[in-house]
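Q: Below is the structure I would like to discuss, written out as structure tokens.
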Amino acid sequence: MVFLKRFRAYGFKSYADEITINFTHSMTGIVGPNGSGKSNVVDALKWVLGERSMKHLRSKSGDDMIFFGSKDKPASKLAEVELTFDNSQKLLHDPRPEISVMRRIYRGSGQSEYYINGELVTLKEISGIFADIGLEKGSLGIISQGSVSWFVEAKPEERRKIFEDASGIGRYTKRKEEVTNQLARTVQNLKQVSIVLNELKKDLKKLTIQADKAQRFVKLKEELKELELSVLVADYLKSQGELDRFNHQIGYIEQDFKLHEPQLQLLEDQLNIFNQRFRDADEQSIKLQQELQAVYQTINELEQRKAVIDVQLKNELSKKDEKHKIQALKKLIRVDQAQLESLQAQVLKTTSEITLLTNELSTVQTELDTTKLNLNQNSAALVYQQAQQEFLKAQNEEWVKTNPAHVLVKNVKALTGLLNTLNTFLKFEKQYEKALLKALGKSIGYLVVNNNLAALKAIDFLLTNQIGQVTFLPIDDIAFDTKIAPEHMEILQQLDGFLGVGSDHVSCDESLQPIVNALLGQVIIASDLQAALKLSSYTYKLYRVVTLNGETVYAGGIIQGGYVKDNLSLYNLQEKLASSEANITQLEHNEKQLRTNLTSLETKLNELNKKLKYEEILLEKFNERVNHTNKAILSYKIEYEQLTNESFDGTPHSFDETRLVESLNRAWAERDELNSQLKLNQELKETLAKSIKLAEAKTADLRALLDEQRSQLVLAREGKIRFENTIHNITDKINGGYKLTMEFAIANYNKPIKLSTMQAQNKIARMQSQLDEMGPINLESIAEIADKQKRFDDINGEYESLQTAIKDLQTAIGEIDELACKEFDELIQKVNAELPKTFNYLFGGGSCQIRYTDTDNVLLSGIEVFANPPGKNVANLMLLSGGEKTLVALSVLFSILRVSAFPLVILDEAESALDPANVERFANIIGNSSNNTQFLIITHRQGTMMKCDMLLGAAMQTKGVTKTFAVSLEKAEQYISKDKQN
């Protein structure tokens, strides 16, 4: 049979060039001169199959396996040998029909690589495949002159190895070794498990005590938590109720303040005006009295002078002289005419003054009506703004209550790394607000945090408190900074309707810019929908485009548009609240100003009416005096015409008399005017005095009311602060101490408490004291004891399994020993049956037998050989000659081969010590065995070469480099002859 199909070597020892030997016969001889490298085939085969002893490979180090170099050939960097076996009969422990084994070593590394059919493997895998085929170290598969001598000289225990390989019990030996090692490991594991088990028992006992204590602690702690949270929630709700009451009271008082403070200011302003006007009127009275005194003095002087003139005129009239009477009448007419002209001038002046006052009254009345209208409109606007503010506050409070992000922000003391919702950090250009809000969508309410760790803690808080879901924007961990591609931006900048990128129209802190870029960096702003469609098309519909009106063209081409109710957004809610408050402040200021203007106009209107009334009275008096003077003039003219029978010619009177009358008329008019003004001024003072008294009373009442309200407000605010502090402390305790939100605590711990507040506090103190007295608590022991018990059960199960495994392994060892003993003994018996035939053939007679050195222990017994060549009876093989020793060894070895055929046997000059006749017998035995065994024979002997099916020659045509080639018997004999001559 042919088992080894192919031998390939490169760089191994003297095989500098790659050589390949294909084996086609079952008996192949390798011949060549000494030093030609023919035995390197044996070394190569040993090396591939895992030989590690450099001595057995005839080398000192791994680098000696690699071609060292010669004069004509450089040293090789590596050595590799590959053996290909026919495994069609499944002789190897591998199902593949052909097995190729290769070993490679690199110069300087000292490490080998092993391959099976081109796949990198371990030496152990190769050893496993080639077990029990006789090619292992010390086995029968490789027989050299040295191994023949070794067989004879070896100790019985060492000699046993050949018989074990032949019997095939090596697999049992290895199996037993594995099982024994496994048993040893199992026993060791059992000891270790026993130690662990004992430790676990101690730990369990200790943990049981700790866990019992911990469970009592946890139960008491939970009861304390239940009671304390119930008390805290009750106090919170009670305090919240009181806080609401105080807030309502404060709101009511502040509302009254808003109403009464402007009224007080108005009253104080009016009082100041009244006082000032009263002082002005008082000063005016003094001035008028002084002026009136001077006028009276002037009138007295003028009347005295007129009286003198009148006496003179009357004296003339009383005279009988008609001429003098006529002259007197002329003078009287002239005087009265002068007085009439003066009175008529006064009438015209007064009429003009009345006209001016009437016009001014009309103007003031119009201004007053306008002011009233503005005041009404302002009041209506103020009411609307106040209602709008209440609505916005309600919206804000609703958002605060329902938004999980705000709940997190409220609990910043319990959580770190939270900042605020995104809307609080952004500012938009007004014209882009609608577009940007549309682009941001719900992300405007996302919660900004420092990093992922803060987000994870917040999410855990949300889960624990069952609050809801929040989307987080971690500043440090936003990894993407989206932008529009430069080539697309270049296109956009050339198109009409392109208003920029969303992120360009947002103001924010620099640290938040990556977030803004991530959300708006790829959002295009367009002027209108038509432009948006165009921009989307020119950028291949890769980006979202938003118009100033909020229409959207999404990436991919989806369009969204139409009427949308202008709802409040999270972004502008706070802005609108601030705007509403500013509007209310402005409207309140406007209302105060309008009321002040209204009071001033009403006062002015009253003054104008009084002046008008005064002027009308004065006009009436002037008209009466004009009528009286006209009648007097008419009477004088009639009398004059009766005396003269001619009409009055109107010749003017003397300058002095006329001027005197005019001065007197003016003085009387001034007196009357001053008297009227003085009377009006007195009436004004009386009116102002009443107004001042009334205003002072109202001011005092209102000031007293405000003082009372201030006191109430101080008390209410103190109460508010007190309950706010209580609520704050309770919230901090629940947030920080229990890691719960107030909402969750109210939902789960708002339970009736059967104890009074004092009793509950005392019970809490007692429970806390009990907890403190319990000392250190191992809370982990509760979970640990379950784990520890499980581990104990597992280890105990493992302990029992190991005990069972030990029994099973011991049983397996017994079974292995039994099988090995049986098969080994069968081999010994078969060899002893075959040995006499082989021995007689080689020796031509005599006897030979193998025996156990210890028949009671077949598996450990050595093997002794007893041989008696013809005519000799020896007790020790060492007494035989060298040739006899060789024949004895070969007799036993060939007998073994007949009984247990090996697939491959390598004979390395094993017959060198035999004479020609025995060489021939040696060769015949090999030839008879070649049907079941492939022989690779390295030989110098002609008798052996003649029996070989094929001869291969090994020669060094180039110094240091071995070449192999087929060779004839004649050529082989020439090699031998040359070798002998040398």
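Note that Cβ sites are derived from N, Cα and C of the backbone, with glycine treated the same way.
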Q: What range among 39-83, 669-713 does Swiss-Prot describe as coiled coil?
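A: Among 39-83, 669-713, the range Swiss-Prot annotates as coiled coil is 669-713.
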Q: Please report, as numbers and ranges, the same-chain residues at least 6 past the borders of the coiled coil (669-713) whose CB is under 8 Å from any CB of it.
A: 249-250, 253-254, 256-257, 260-261, 263-264, 267-268, 270-271, 274-275, 277-278, 281-282, 284-285, 288-289, 291-292, 295-296, 299, 342-343, 346, 610, 614, 617-618, 621-622
Q: Counting each residue once, how many in the domain 'SMC hinge' (416-535) are helix, strand and coil under DSSP?
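A: DSSP composition of the domain 'SMC hinge' (416-535): 66 helix, 22 strand, 32 coil.
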Q: Around the Cβ of S36 (ATP binding site), how many other Cβ atoms lie within 10 Å? Please give the count over every shown protein chain.
A: 21
Q: Roughly where does the coiled coil (263-377) sit in mean pLDDT, to the nearest integer?
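A: Across the residues of the coiled coil (263-377) the model's pLDDT averages 77 on the 0 to 100 scale.
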Q: Compare 171-235, 263-377, 753-818 by their Cβ pairs under 8 Å to the coiled coil (568-627) and return the stretch that comes out on top.
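A: When the Cβ pairs under 8 Å are tallied, 263-377 comes out ahead.
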Q: Please list residues from the chain of K38 (ATP binding site) whose Cβ is under 8 angstroms from its Cβ, counting only those at least six apart in sequence.
A: I30, V31, G32, I938, A954, T962
Q: Please report the number of other Cβ atoms within 10 Å of the Cβ of N40 (ATP binding site).
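A: Taking every protein chain into account, the count is 24.
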Q: Select one residue from P33, G37: among these binding-site residues, choose the one with the most other Cβ atoms within 10 Å of its Cβ.
A: G37
Q: Enter the number of other CB atoms within 10 angstroms of the CB of N34 (ATP binding site).
A: 11
Q: Can you check which residue among the binding-site residues G35, S39 has the largest number of Cβ atoms within 10 Å of its own?
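A: When each Cβ's neighbours within 10 Å are tallied, S39 tops the list.
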